[in-house]
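> The structure is given below, and queries will be raised subsequently.
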């Protein structure tokens with residue numbers, strides 16, 4: 001019997017660079033409160049958000065992904081032809097088909113490469129990163145562009161006091177490839193579909209097409225349910241990720257949780273028993289919740305400000321719609 005050949009790749013994989021794109025329009029809490037009965041103080045005290053970015057009408061998940069990726073590629077001193085895989089994590093590429101990734105790959109000059117989307121809500125980046133690392137270790141690719149990109153502002157009902165101040169726009173990309181030392185630990189991931197309705201689109205597109213004069217679909221969230229799940233379950237996931245990587249809490253230099261809510265992240269930091277001097281990402285304050293883009297955007301900000309250094313040991317935890325989660329320990333990229 002003929003034996004089917006298999007491939008194998010390098011085992012030592014890491015983050016080579018990170019690039020970010022933030023839309024130019026800054027939206028304050030006061031502007032949000034023009035549509036709801038709330039205040040800047042109330043929003044900030046419950047979410048940690050002061051300002052956020054909204055994309056321009058002509059911008060899309062794809063266009064923002066392209067801009068972020070150009071920065072990541074330039075920082076790594078590579079070109080599009082050096083990349084042999086593109087994975088886009090997004091929930092807001094507003095076409096059923098084609099996927100966002102092939103559009104991005106073509107714009108960047110990545111020719112004839114596997115390019116596909118991951119739809120896992122706010123944990124999408126962690127899923128995409130885990131898949132990319134496994135693809136490289138399995139020999140399917142050598143250098144992969146992993147992108148989180150979202151244009152959430154059009155999906156939000158700006159009169160919905162429960163979430164209109166949370167979900168926003170932005171994109172960030174990382175290049176994943178060979179590293180002299182291991183730079184990406186095993187991914188701990190999973191889902192709880194019993195709570196699928198906790199973050200959802202309230203009306204499906206077929207129902208809307210059949211009744212176009214009726215209410216349009218919007219993103220809805222059961223905030224209390226999500227808060228409880230994230231605050232008390234994601235600490236366990238973070239510990240599992242550290243255990244899988246053979247890392248202890250006091251060895252973590254940087255904690256980059258999904259930027260959903262600063263109160264959730266404060267509880268996670270406490271539950272994980274990280275060092276008092278560990279750097280905790282708080283990009284949410286001026287960026288808001290960019291879903292799949294939030295972790296790489298926060299990573300880029302920490303490096304840009306010098307709060308974190310290349311090579312620092314970082315714990316990433318993404319969590320959100322599904323309900324889904326993905327976590328891993330990584331080394332911060334060089335640029």
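The chain as shown is numbered from 1 upward.
Using N, Cα and C of the backbone, Cβ positions are placed for all residues, glycine too.
OK, Swiss-Prot features for this one:
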ACT_SITE  122  active site
ACT_SITE  258  active site
ACT_SITE  289  active site
REGION    259-263  region 'ACP-binding'
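Help me understand the surroundings of these features in the structure.
In the structure as shown, the Cβ atom of residue 122 (active site) sits within 10 Å of 33 other Cβ atoms. Annotation note: residue 122 (active site) sits in a helical segment as assigned by DSSP.
Secondary structure from DSSP puts residue 258 (active site) in coil.
In the three-state DSSP scheme, residue 289 (active site) is classed as strand. For residue 289 (active site), the number of other Cβ atoms no farther than 10 Å from its own Cβ, over all displayed protein chains, is 26.
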> Neighbour count, 10 Å Cβ-Cβ cut-off, for residue 258 (active site): what number do you get?
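33, counting other Cβ atoms within 10 Å of residue 258 (active site).
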> From the Cα of residue 289 (active site) across to the Cα of residue 122 (active site), what is the distance in angstrom?
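Given the Cα positions, residue 122 (active site) is 9 Å from residue 289 (active site).
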